[in-house]
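Q: As annotated in Swiss-Prot:
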BINDING   128, 132, 133, 134, 253  (6S)-5,6,7,8-tetrahydrofolate binding site
SITE      236  site 'Plays an important role in substrate specificity'
MOD_RES   237  N6-(pyridoxal phosphate)lysine
């Protein structure tokens, strides 16, 4: 039966036909991902199954509240999805309570702040310039505006976290919350040391494991538990799920406060299609293959860092224990912004990044940040990452010798090698 208000193609017309302009953008992005080497440390490549869940009818359902206690009817099936995500996450990380509703890592952090501290309270987090995250008290961020944010950094001599400084600042300022973790920390964090410092001053300890959660889940990195009172993470990055956030704890009291902070505190209806995709990703991470993946991510990062150092570049802290590294470009006399663009023209994607004690502006930088999660998902091993390291050195050396305007021949030659490498490891062949 036809109704005048009904769009005949609404339930049947493909995206390519219904919105060719947007479809062209998606097709272009698929081509970019297939044809370029992705080295942005915070990015990964999800499975076909994760994409199916995120693009499912779960997107239609509003579900304010929590499983079994919703403010809307018709939530039976989304309750199943959220419960699966929670139970799988608890199994993955060996913790008692999980909230999978945060829409992002930033909102997960905001949820912890809402739950455990008040505006004006003192927090102690890592400064952005040393590898911290905006949400750990950086001045432009809400966390830096609402709280008395004290910042710790790294040691000049080895760029490692300055635990003595953390302890001294904690004793001086008596923070309510200490935050461990960041966005550009290439070495494992001593959670036990942070716990001891927190206990000494009566602070709660939050670990932001957004970058390395997948390594924890895969047994390739120490867990923040039992040391952390609460942990936050994104669900993408090394965990290889959809873009989103999550909060984990072993404390029933903290869990109750976190649940109230997320809903109704800072969010309304959760994104049930994303939570369904989280459940899929967590199920994948419970498989034996994921343990092998996590171990390979670290091996690949170490191989890449080693090859870059052989090529005359410096690696901050002298290497990596994780999925990421900070490359100090100063030995070659080039800047991070120019290097990011030159590598991009050669189809190697990364991001400019400040290094500790960087003399350059954040828009320029003396370094780039590189990571191995996406390339490892694609199938690259240590041999491929050593080849990638040599290609990076080739572009950087060309940039140093020829300048930005004169490096086209080098970049084109490397782009051809990138194309050959990517062709050996195809992505999404059925899309």
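Positions of Cβ are set from backbone N, Cα and C atoms, glycine also.
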Q: Around the C-beta of residue 128 ((6S)-5,6,7,8-tetrahydrofolate binding site), how many further C-beta atoms are within 10 angstroms, looking at every protein chain?
A: 23
Q: Name the secondary structure element type, per DSSP in three states, that contains residue 133 ((6S)-5,6,7,8-tetrahydrofolate binding site).
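A: Residue 133 ((6S)-5,6,7,8-tetrahydrofolate binding site) sits in coil per DSSP, no helix or strand.
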Q: Quick one: give me the count of other CB atoms within 10 A of the CB of residue 133 ((6S)-5,6,7,8-tetrahydrofolate binding site).
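A: If we count other Cβ atoms within 10 Å of residue 133 ((6S)-5,6,7,8-tetrahydrofolate binding site), we arrive at 24.
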Q: What does DSSP call residue 128 ((6S)-5,6,7,8-tetrahydrofolate binding site) in the simple three-state scheme?
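A: The three-state answer is helix.
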Q: Check the DSSP secondary structure of residue 236 (site 'Plays an important role in substrate specificity'), expressed as helix, strand or coil.
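A: For residue 236 (site 'Plays an important role in substrate specificity') - judged by DSSP and reduced to three states - the answer is coil.
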Q: Compute all pairwise C-alpha distances among 128, 132, 133, 134, 253, the residues listed as binding (6S)-5,6,7,8-tetrahydrofolate, and give the largest one in whole angstrom.
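A: Max Cα-Cα spread across the (6S)-5,6,7,8-tetrahydrofolate binders: 31 Å.
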Q: According to DSSP, does residue 253 ((6S)-5,6,7,8-tetrahydrofolate binding site) fall in a helix, a strand, or coil?
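A: DSSP assigns residue 253 ((6S)-5,6,7,8-tetrahydrofolate binding site) to helix.
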Q: The residue listed as 'N6-(pyridoxal phosphate)lysine': which of the binding-site residues 128, 132, 133, 253 have a C-alpha within 10 angstroms of it?
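A: For the residue listed as 'N6-(pyridoxal phosphate)lysine', the binding-site residues whose Cα atoms are within 10 Å come to none.
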